[in-house]
Amino acid sequence: MSIAGLFFFAAIVGLTLYVTYLASKRTNSASEFYTAGGGLTGWQNGIAIAGDYLSAASFLGIAGAIALNGFDGFFYSIGYLVAYLVVLYIVAEPLRNLGKYTLADMITARFNQQKIRGAAAVSTLTIVLFYMIAQLVGAGALIQLLLGIDYWIAVLLVGIMMTTYVLWGGMAATSWVQIIKAVLLMIGTIIISFLVLMKFDFNIFKMFSDMKSVTPAGEAFLNPGVKYTNGIDTMSMMIALVFGTAGLPHILMRFFTVKDAKTARSSVVYATWIVGIFYILTIFLGFGAAAFVGSEDIIAANAAGNMAAPLLAQALGGDLLMSFVSAVAFATILAVVAGLVLSGASAFAHDIYGQIIKKGKVTEKEQMKAARFASIAVSVFSIILALGAQSMNVAFLVSLAFCIAASANLPVIIYTIYWKRFNTTGALAAMVTGLVTALVLVALSPNIWSPEGTAILTGTALFPLTNPAIISVPAGFIAGYIGSVVSAKADERKYAEVAVKANTGLK
Amino acid sequence: MEQKVEHVVQPQRNHDYETIAASPEFKSLVRKKNNFLLPVTVFFLLFYFTLPLLTSFSTVLNKPAIGDISWVWIFALAQFIMTWTLCMMYVKKANQFDTEADQVLTKHNKSEGDRL
C-alpha cells in the first residue's frame, strides 16, 4: 500500500477517534448515549442520515451494478431515493413526536405491553444483524483487497473501530463519524464524476452514445432487462426498496437525535437532497467504470462488481485518487456499522433489559452499563457471524434487511399512527406475520436453493422469487388488519392521545 | 440550559387528550393534513411503480427520447425531480400545519389555565 493510502487511512482513523474522544466527555447519560441528548441540528442530522444510509452497498454495490448491468443497476438508486418520500410524508414527524430512543418506544406509546415491545425489539435485532453481517462481510472483502490483509483481520479491524466509537462516544460520536463520512463520500463521488464527464468532453449525449458500444451487453446496456428478467421479482424488489427505508431501525433512530418534529423534517430534507445528488452521480460512477475499467477487470477483482468504484478511481486519478476513494469506502463502512451497533444495543439494553426485564425500574447508571454491555454483545456476535459468512452474497443480505423492515415494521408504524381501530392483537399479528413470512420465503427462495449447487443449498427452490416483499409486505398489512378486526375493540382514548401527540408534538 | 427552559414552559402533566382530539380546531388540522398527505402519497407511489411496471412488462421506454438517451432514463430522472419537488412542497405545507398545531395548543393551554 502506498504512502498516500496509509496517510488517508490514518487520517480517517485519527479524525474519527478524535471526535469519539470529544464525544466521550459528555456521553454520561442514557439520553446522551442513545440520542446525543436530542441536540443535533437539522443539517447535522440530515448529513448524518445520509452518512448512515449511503452504505458500502450503495457506494460500491450500485457503482458495480450499473457498471455491469447498465440501467438495471440504477433501479436501486431510484428505489432508495423515492423511499425518502415515504419517510418524510408518513413516518418522520409522528415518530419523533411519539418515540424516545427506539421504534418499540413509539409503538408502545400506544400499546403499553411487554409482548409488543418484545416483538418490536426482536424485529429490530433481526434487521440489524442481517444488515450488519452484510456490511461486515463487504468490509472484510474490500479491506482485504485494498490493504492486502487477511479477511478475518479486516473484519476484526472494522469491528474494533465500530465498538470503540459506540462504547465511548455513543450517538454523538457515531453521528459525527457519519457526518465526516458523508462529506468525504460526496467529495470523492463528485471528483470521480467530474473526471468521467471530462473524458466524455462534458457531453452527456456523447456519454450515452459511447456506452452503447463499450460493454459486452452492447445497446442493451442502456435499457432495462440486462439482469432483471422476471417482472414480478423486479416489482417485489422495488417494493422492498421503497418501503424498507421507513422501517430500518438505524435510520428511524436518527430522528430521536433532534429536538422536535420540525427539526426532524428539515433533516429529512437535507438528507433527500444529499442522497438524491449522490444517486444521480452513481450513473457516472457506473458508466465510467464500464467504459474506463471494463467489465472483465471489474469482475476479475470481485464477481459482484464491488471494486468498480475504486478501480475507476485508479484508472482516472492514479494511486492517489484510488487511495482516497478506498479510504472513503472504509469510512463509509465504519459509519454504517457504528449506527447499526447503536440501534441493536438500544433494542437490547433499553427495550429488552430496561423495559421488559427490569420493568423500567433502572437507574441512570444501570442504563448506561446495560447500553455499553449490549453494544459489546451486539458487536462481538455480529463479528463472529461475519467471520463465518465470508462467502455470503452481500447484496442479498441487504435486500433481505430492507424486506423485513418493510414487512414487519412499516405496517405497524403506519397503523399505530393513523388507524383508530388498531389494537394490540393487530400490532402483534402484523409484526410476527411480516417477520416470519419474509424469513420463511427467503429460506425457500433461489437465494438459498439452487439445483446446480451455486447457492447455499442444493435443491429446487419452493418459492420462485429472490425478493419476497411482494408477498410479505401485504401479509404484514393484512395480518395487522385482520388481527385488529377480529379481536377486542381498540382503546380509543389512547388513540386520541397518540393522534394529538403525533400531530401537535404535545408532551 | 435549553432543557430547563422547556421544562418551565411545558411541565409534565396529564393533558386532556380526548378534549383536544374532539376540538374542531384539531379535527380541522387532521383533516387538512390527510387531505394533503393521502393524495400526494398515492400519487408518488403510482408514479414510482409505473417505472418498473413499464420496464418489466413492456418495451415502450426503450425508444430513444433525446439522442441516444432512451425514455427509461428520462422517466428515471423524473423520479428524482418528483422526489425533490414533493419534498419541498411538503415543507411548505408542513409550515402551515405547524401554525395550526400551535393554535390548537395555545387554545388548549388557555382553557387548562382557566380551569386551574
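Cβ coordinates come from backbone N, Cα and C, glycine included.
Bear in mind that TrEMBL entries carry predicted annotations, made automatically and left uncurated.
Listed in TrEMBL for this protein:
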type     : residues  : note
TRANSMEM : A:6-24    : transmembrane segment
TRANSMEM : A:45-68   : transmembrane segment
TRANSMEM : A:74-92   : transmembrane segment
TRANSMEM : A:119-143 : transmembrane segment
TRANSMEM : A:149-168 : transmembrane segment
TRANSMEM : A:235-256 : transmembrane segment
TRANSMEM : A:268-293 : transmembrane segment
TRANSMEM : A:320-349 : transmembrane segment
TRANSMEM : A:370-388 : transmembrane segment
TRANSMEM : A:394-415 : transmembrane segment
TRANSMEM : A:427-449 : transmembrane segment
TRANSMEM : A:469-488 : transmembrane segment
Is it the case that the transmembrane segment (A:320-349) and the transmembrane segment (A:427-449) touch, counting contact as three or more CB pairs under 8 Å in which the residues of each pair are 6 or more positions apart?
no
Short question: which residues 6 or more past the ends of the transmembrane segment (A:268-293) have a Cβ under 8 Å from it?
42-43, 45-47, 49-50, 53-54, 58, 62-68, 70, 73-74, 77-78, 80-81, 84-85, 87-88, 92, 182, 185-186, 189-190, 192-193, 195-197, 199, 207, 210-211, 214-215, 221, 308-309, 311-312, 315-316
If we skip the immediate neighbours and take only residues 6+ beyond the ends of the transmembrane segment (A:427-449), which ones have a Cβ under 8 Å from one of its Cβ atoms?
107, 111, 115-116, 119-120, 122-123, 126, 393, 396, 400, 403-404, 406-409, 411-412, 415-416, 455-466, 468-469, 471-473, 475-480, 482-484
Look over the recorded stretches A:45-68, A:119-143, A:370-388, A:469-488 and say which has the most C-beta pairs under 8 A to the transmembrane segment (A:394-415).
A:119-143
Among A:45-68, A:119-143, A:469-488, which stretch has the highest count of C-beta pairs below 8 Å with the transmembrane segment (A:235-256)?
A:469-488
Might you confirm whether the transmembrane segment (A:469-488) is in contact with the transmembrane segment (A:45-68), defined here as three or more C-beta pairs under 8 A between residues 6 or more apart in sequence?
no
Which residues, given as numbers and ranges, are at least 6 beyond the ends of the transmembrane segment (A:469-488) yet have a Cβ under 8 Å from it?
232, 235-237, 239-240, 243-244, 402-403, 406-408, 410-412, 415, 419, 421-434, 437-438, 441
Stretch among A:6-24, A:74-92, A:370-388 sharing the most Cβ pairs under 8 Å with the transmembrane segment (A:119-143):
A:370-388
